[in-house]
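Worksheet: one structure, shown below.
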Amino acid sequence: MNANPKFLAATAEVDAAAVAPLPKSRKIYETGSRPDIRVPFREIEQQDTPTMFGGERNPPLTVYDTSGPYTDPQAHIDIRRGLPELRRAWIEERGDVELLAGPTSDYGRARLQDPQLTAMRFDLRRPPRRAKDGANVTQMHYARRGIVTPEMEYVAIRESLRREHYIESLRASGPEGEKMARRLLRQHPGQSFGAAIPAAITPEFVRDEIARGRAIIPANINHPEVEPMIIGRNFLVKINANIGNSAVSSGIGEEVEKMTWAIRWGGDTVMDLSTGKHIHETREWIIRNSPVPIGTVPIYQALEKVDGKAEALTWEIFRDTLIEQAEQGVDYFTIHAGVRLPFIPMTADRMTGIVSRGGSIMAKWCLAHHKESFLYERFEEICEIMKAYDVSFSLGDGLRPGSGYDANDEAQFAELKTLGELTQVAWKHDVQVMIEGPGHVPMQMIKENMELQLEHCHEAPFYTLGPLTTDIAPGYDHITSGIGAALIGWYGTAMLCYVTPKEHLGLPNKKDVKDGIITYKIAAHAADLAKGHPGAAVRDNALSKARFEFRWDDQFNLGLDPDTAKEFHDETLPKDSMKVAHFCSMCGPHFCSMKITQDVREYAASQGVSAQQALTQGMQEKAIEFVKKGAEVYHRS
């Protein structure tokens with residue numbers, strides 16, 4: 001479906017499903033050292049424990065929130081106007097940027113002057129910004145100068161998840177508050193494989209990690225609407241959602257809707273991979289309405305400008321595309337600068353060849369001209385553009401394996417070493433960098449990927465697509481990849497790129513986006529637990545407590561997808577009265593293991609003994625009863 005100009009100009013509306021608050025949740029804000037640092041969280045209300053289980057109060061639980069203003073009932077959402085400029089004052093007060101008269105890219109100016117696009121164009125009233133001559137506006141540049149920016153303080157508060165507040169509320173919950181706090185804060189020791197995860201995230205720790213290149217805050221100065229977030233091995237594992245139109249499917253309205261839907265369910269960043277019509281206009285609508293960082297693959301649009309002929313690409317066209325997108329506010333670029341001419345023959349014996357779109361484009365260009373890639377040769381010039389807008393590099397893995405057969409081969413690791421070399425070049429310019437990774441990798445080969453990335457890329461954040469652990473399940477590749485994502489996240493990957501059920505089959509719709517997001521939220525959280533990230537088990541413990549106490553609504557609401565959990569429960573037990581029942585349809589009222597355990601505990605309390613003693617005593621009583629009845633195995637009814 002192509003974009004409808006009249007629809008966009010006159011009737012563009014936010015997706016109603018994306019703005020409704022999640023059940024029993026409310027948006028709250030934590031204020032930092034200045035009034036304009038207001039960090040959003042989602043607070044989930046809980047019911048009190050039933051009297052028969054102690055009657056204690058269960059305080060609200062705070063969770064990370066990526067949905068921006070969309071789930072705040074106090075916010076007025078109008079996608080035709082875009083989101084508030086959260087970071088505008090922070091950017092301007094640093095005094096190192098200038099306002100341009102308008103777009104400076106040839107393509108950007110041409111689109112602005114095309115009257116046929118007026119009806120569909122986002123009505124942006126402000127000009128783009130750029131660093132003043134000689135200035136560097138990256139978060140890494142500030143960090144290396146010892147400056148803690150508002151963005152750094154913001155992410156420090158965000159990563160802490162108001163944990164101290166939750167601990168205090170547990171202790172104040174009643175006479176058993178201290179005991180309750182100990183129980184709900186209990187967490188198994190993790191294995192972080194050498195990561196340096198602190199007990200508490202401070203603004204200074206954030207600054208130090210960015211200065212070292214171990215973390216990035218993707219935040220273009222032309223995306224003031226973004227709510228800062230951090231990607232790094234020593235922080236919570238993040239996930240990315242891919243959206244984007246194609247030549248045969250989807251338009252601007254649908255892509256904005258996918259973005260708002262993705263962030264509702266937990267997408268930390270979104271990549272717009274559009275390759276169809278109106279790429280420039282689609283991206284503008286997405287960025288102006290996105291509270292999360294937006295990434296792109298600029299070579300896709302550059303290819304469209306030469307009618308899909310890779311050999312016709314030039315440095316000048318690519319450079320103009322970088323500037324065009326940087327002035328719109330793209331926060332990170334995937335650039336496949338590691339696909340070098342000498343590496344292409346290494347893929348000859350692969351089962352699936354070069355599967356990266358960007359990688360195949362550059363491979364074709366290199367072979368057509370029999371020259372080294374202009375992305376590699378002009379890399380320092382690319383860095384000059386990046387640091388003028390604070391666009392982060394996502395150095396693309398154009399030679400990633402497209403099947404388990406090709407995993408961990410010579411081509412893949414030759415490119416990885418090159419990405420490590422380019423990382424150091426970017427850091428020389430104080431440009432933020434993360435490294436993209438595979439792909440398709442059997443489970444036993446995943447850890448090697450993480451170890452070599454840390455070695456060759458100097459601990460720059462790793463950002464992987466899965467990896468898919470088997471190739472036998474088209475239609476279920478969110479699962480085949482979720483397995484690999486959980487493992488590589490545990491080993492140290494900082495951000496996981498989601499895979500939807502439509503992977504290898506078609507363009508994902510809204511349902512596919514949600515399925516991919518939830519799958520990857522599970523993988524990321526499982527990785528945080530395995531790494532021993534402080535406080536990672538709090539939500540698990542709260543949900544387990546609700547489950548044991550048959551607080552069904554709390555079970556639904558504390559989960560990643562309350563709607564689906566409630567829907568499944570309602571399929572067999574739809575009545576409201578069943579939301580307090582001490583069983584579900586799996587086992588019924590007489591075989592619920594948790595109900596039986598509670599019966600044992602009640603018996604123990606009535607007898608003044610421990611639960612273990614009660615089990616022993618109960619068995620003895622049954623033995624005596626058995627003997628009194630004649631010690632017969634069977635009795636007539």
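Keep in mind that glycine also has a Cβ here, set from the backbone N, Cα and C atoms.
The substrate binding site annotation in Swiss-Prot covers Asn242, Met271, Tyr300, His336, Ser356, Arg357, Gly358, Asp397, Gly398, Leu399, Arg400, Glu436, Tyr463 and is backed by sequence analysis. Under the heading Zn(2+) binding site, Swiss-Prot lists His440, His504, citing sequence analysis as support. Residues or ranges marked as [4Fe-4S] cluster binding site in Swiss-Prot (evidence: sequence analysis): Cys584, Cys587, Cys592.
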Query raised in the report: Around Gly358 (substrate binding site), how many other C-beta atoms are within 10 angstroms of its C-beta?
Result: 24
Query - Least Cβ-crowded entry, counting other Cβ within 10 Å, from the binding-site residues listed as Arg400, His440, His504 - result: His504
Query raised in the report: What's the CA-CA gap between Gly358 (substrate binding site) and His440 (Zn(2+) binding site) in angstrom, rounded?
Result: 17
Query - Same chain, 6+ residues apart, C-beta under 8 Å of the C-beta of Tyr300 (substrate binding site), given in sequence order - result: Leu273, Ser274, Thr275, Ile279, Arg357, Gly358
Query raised in the report: When you measure from the Cβ of Asn242 (substrate binding site), which residues in the chain that are at least 6 apart have a Cβ under 8 Å away?
Result: Val270, Met271, Leu273, Cys497, Tyr498, Pro508
Report summary line: Mapped onto three states, the DSSP assignment of Tyr463 (substrate binding site) reads strand
**Report entry** Cα distance (Å, whole number) from His504 (Zn(2+) binding site) to Arg400 (substrate binding site)
**Finding:** 15
Requested in this report: Among the binding-site residues Ser356, Gly398, Tyr463, point out the residue whose Cβ has the most other Cβ atoms within 10 Å, with all shown protein chains included in the count.
Outcome: Gly398
